[in-house]
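S.K.: Below is one structure. I have some questions about it.
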């Protein structure tokens with residue numbers, strides 16, 4: 001068993017992905033970045049992540065769809081998901097929580113806030 | 001001696017008596033209680049108008065001049081009536097069935113309701129009857145003069161012109177009063193029939209009384225009388241067989257064709273069976289009328305001074321013997337003969353003139369009036385004027401001819417004239433092949449010859465035809481001499497005229513009929529006439545009409561009168577099992593109605609009227625044109641409705657589309673705020689994250705530099721987005737400041753390509769341009785146009801997915817517009833998204849590669865609108881293609 005929990009980051013904006021990856025790596029987590037949603041499930045099946053950070057708006061399929069698919073598969077049902085979105089509306093938050101998101105966070109976020117959420121979800 | 005004034009008084013009293021009888025009968029008849037008035041005896045007596053003043057006075061004169069030849073005038077009719085079964089019965093049956101109103105109507109109706117033939121026959125009849133009517137005026141005038149000269153007291157009026165004028169006027173008034181009191185469907189005038197029946201009795205009694213007086217008082221009994229006759233020069237007179245046969249045939253033709261005879265025999269006939277009685281009673285009457293002709297002639301020649309007019313023996317014999325009362329009776333007899341003839345002849349002629357000449361002209365002048373005008377009033381007025389006209393003609397002829405000719409000669413001329421109708425008439429009822437053309441040719445040829453060979457010469461040499469024409473022929477052409485046509489000389493002029501006119505008439509009739517083909521109506525009528533005894537309605541038959549019963553009723557009311565029309569319609573409706581006054585326009589009903597209308601306005605006119613109302617074709621070109629233009633209007637109207645309908649449909653579709661678009665836009669608008677929010681938050685997220693990292697100050701310098709660069713890039717992106725948003729809002733508001741100037745398309749493209757040089761770096765893109773086509777100078781805002789082209793070119797560079805990207809810039813000028821197509825060779829834009837690409841934030845692919853704000857095409861669209869042009873996606877170009885259209889000279893913004 002690896003001591004470092006694995007985090008899957010699905011984010012299409014390269015700069016945002018780079019920022020998050022930097023923050024997580026600095027905290028000793030291993031990170032896989034996907035810039036689209038299509039291969040998300042396949043990547044997860046290869047290696048079940050300890051946490052998924054999911055952007056709501058992706059160019060191909062929406063983050064909500066990936067979340068729904070995860071919650072439909074037993075292997076991923078217990079995987080915590082942190083939803084990120086630039087659309088900070090209440091409606092989006094409700095939809096995300098209903099689909100089974102563990103936490104919901106609006107962009108832009110404070111780095112400390114993000115890391116606190118990640119740690120909480122990893123049960124550290 | 002009888003004073004002249006007493007004579008005039010007696011005449012007036014007699015006329016007044018007749019008037020009252022006629023009036024009373026009409027009243028009784030109106031109440032339908034006049035059964036006996038319609039007896040065969042009345043019918044027979046009414047036929048006696050054949051015996052006019054010519055017969056009453058003239059037969060004696062005829063006998064005194066030509067011996068027994070006068071009897072031919074009675075033999076013809078006798079033969080016709082004895083053989084009634086063959087000809088008269090058929091004529092009467094057809095007349096009743098077709099509601100024939102005159103001989104002209106009969107001929108016209110037989111030959112396809114030809115208005116032309118109606119006119120021809122009418123003219124022949126008027127031409128023939130005018131001298132005949134004048135003859136009656138002359139005889140009445142002569143008999144007045146006899147009394148006047150015999151009177152001891154000088155007569156107040158002795159001028160024949162004045163006397164005959166008064167007679168003519170009086171007769172006209174009487175005829176108008178009784179002939180046009182109403183419009184009967186069958187032109188039957190019961191009152192007048194009764195009046196002439198009374199007159200028939202008076203003239204018979206008068207002639208018999210004079211005859212008895214002559215035989216038993218003057219002649220000394222039957223035996224001595226026969227001796228006297230045998231001793232008279234008359235007994236030795238030879239009988240010319242040609243004249244006998246000719247005159248017998250002529251009088252037989254006349255009794256059928258004379259308008260007045262046709263009127264009483266056919267038109268006034270109320271019951272076909274009356275003919276059976278008349279077939280023996282009428283010849284008997286004629287015999288009685290001729291019984292004493294020879295004795296009176298013989299005694300007259302014996303007793304009267306040499307040189308006295310034999311035409312007046314009937315009157316002068318009793319007068320010279322001092323028998324004033326008998327003379328008075330004889331005078332009234334002659335008066336009766338004359339008046340009854342004139343009245344009936346005038347009515348018959350007036351009916352023809354009115355129905356076949358006046359009414360058609362009036363209808364043609366105002367075809368609309370046929371349906372809308374007061375036809376009834378017009379018909380009555382034209383009748384009255386026709387009566388006046390006919391009598392006026394007779395009077396004029398009397399004045400012109402001077403009243404000199406022998407009575408019999410005038411009568412015979414008339415006979416020959418009307419005899420010209422005979423071939424067409426008999427041919428029409430016995431020969432189905434007889435055609436309109438044949439009838440017209442026969443009538444034309446026959447009547448022309450009659451006029452040339454008999455009528456014109458009758459005015460005397462020099463009157464119309466000069467003596468030289470009579471003697472040597474026109475222009476000296478001998479074989480055209482009126483009395484010696486085609487070199488036939490030595491014939492009696494009358495027989496000569498009869499021979500040539502009727503022979504050529506028949507030949508023309510037969511040839512014309514054989515060589516032409518009858519029309520449909522004509523064929524139907526031919527069958528109806530020839531096969532009249534085969535039953536059936538006979539008329540060409542109205543198929544189920546489309547006539548509006550109410551329109552029919554209105555027309556019928558105007559022609560037949562309110563009550564008569566309503567009565568008929570109600571009766572017909574009842575027969576159809578309907579209540580009210582409006583029967584269905586069934587064929588039988590239309591047939592009956594046409595017949596009734598025909599009785600008032602003639603067959604052709606009635607047919608035309610009903611055709612108009614029943615919507616049947618075959619009327620006239622004008623009617624068809626009117627109908628056509630009306631239906632054209634209706635078609636136009638419906639086309640208008642249709643186009644309105646189409647327009648409404650188009651509008652509805654446009655509205656539906658607009659609504660869909662609005663809904664879509666509203667959804668987009670709804671998403672717009674969250675879109676903007678997203679677009680702003682995304683760079684903001686990077687900026688915040690990296691700037692927080694920088695603030696921690698424990699980063700290696702190279703990382704710090706990289707983070708700073710990202711922050712810078714994202715800040716620029718944010719600025720660009722804000723700029724685009726601001727630009728768009730200004731453009732959308734139309735508040736943009738345009739900088740219009742003259743610039744070539746080439747310059748625009750050069751600038752745009754230069755600006756996108758950076759985007760092309762590293763990719764081999766083939767740009768195709770046409771320098772020549774780009775030499776177009778535009779008046780527009782160059783910067784804004786360059787902005788549009790940059791957008792399109794950079795879009796193409798960004799999205800073109802071809803392995804070897806190509807970009808074509810095609811410039812064309814069309815009229816006052818220039819188009820610029822920007823075409824790449826990528827896979828293009830899917831059809832369902834083409835409509836959305838110009839909307840804000842309508843990015844099609846992931847923004848990583850696009851890197852724009854998603855506002856480019858929306859801004860392009862706004863710019864083009866501001867430049868007075870447009871931008872559209874151009875499908876079917878093999879790749880993504882956009883067409884920019886803009887005016888050559890941009891209008892200055894207001």
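Glycine residues also receive a Cβ, built from the backbone N, Cα and C atoms like all the rest.
TrEMBL entries are annotated by machine, without manual review.
Annotation source TrEMBL lists transmembrane segment at B:6-25, B:41-64, B:70-88, B:116-135, B:161-180, B:192-216, B:280-300, B:384-400, B:406-431, B:438-460, B:494-517. The coiled coil annotation in TrEMBL covers B:638-668. If you look up TrEMBL, you'll see B:675-890 marked as domain 'Histidine kinase'.
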S.K.: Looking at B:6-25, B:70-88, B:116-135, B:280-300, B:384-400, which one has the highest count of Cβ pairs under 8 angstroms to the transmembrane segment (B:192-216)?
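M.R.: Out of the listed stretches, B:280-300 contacts the transmembrane segment (B:192-216) most.
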S.K.: Which sequence-distant residues neighbour the transmembrane segment (B:384-400)? Criterion: at least 6 residues beyond either end, Cβ under 8 Å.
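M.R.: Same-chain residues near the transmembrane segment (B:384-400) but 6 or more away: 126, 129-134, 136-138, 141, 161, 164-165, 168-169, 171-172, 175-176, 179-180, 342, 345-347, 349-351, 353-354, 358, 459.
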S.K.: Using Cβ distances below 8 Å and needing 3 or more such pairs, separated by at least 6 in sequence, tell me whether the transmembrane segment (B:406-431) contacts the transmembrane segment (B:41-64).
M.R.: yes
S.K.: Below 8 Å between Cβ atoms, which of the listed ranges B:70-88, B:161-180, B:280-300 makes the most pairs with the transmembrane segment (B:6-25)?
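M.R.: Checked against B:70-88, B:161-180, B:280-300; highest Cβ contact count belongs to B:161-180.
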S.K.: Which range wins on Cβ pairs under 8 Å with the transmembrane segment (B:280-300): B:70-88, B:116-135, B:161-180?
M.R.: B:70-88
S.K.: When the pLDDT values for the domain 'Histidine kinase' (B:675-890) are averaged, what is the result?
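M.R.: That stretch averages a pLDDT of 83.
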S.K.: Mind checking which residues reach the transmembrane segment (B:116-135)? Cβ under 8 Å, same chain, six or more beyond either end.
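M.R.: For the transmembrane segment (B:116-135), the sequence-distant neighbours (Cβ-Cβ under 8 Å, at least 6 residues beyond its ends) are 52-54, 102-105, 107-108, 258-260, 341-342, 345-346, 348-349, 352-353, 355-357, 360, 390-391, 393-398, 401, 403, 407, 410-411, 413-415, 417-418, 420-421, 424, 436, 439-440, 443-444, 447, 451, 455, 458, 602, 604.
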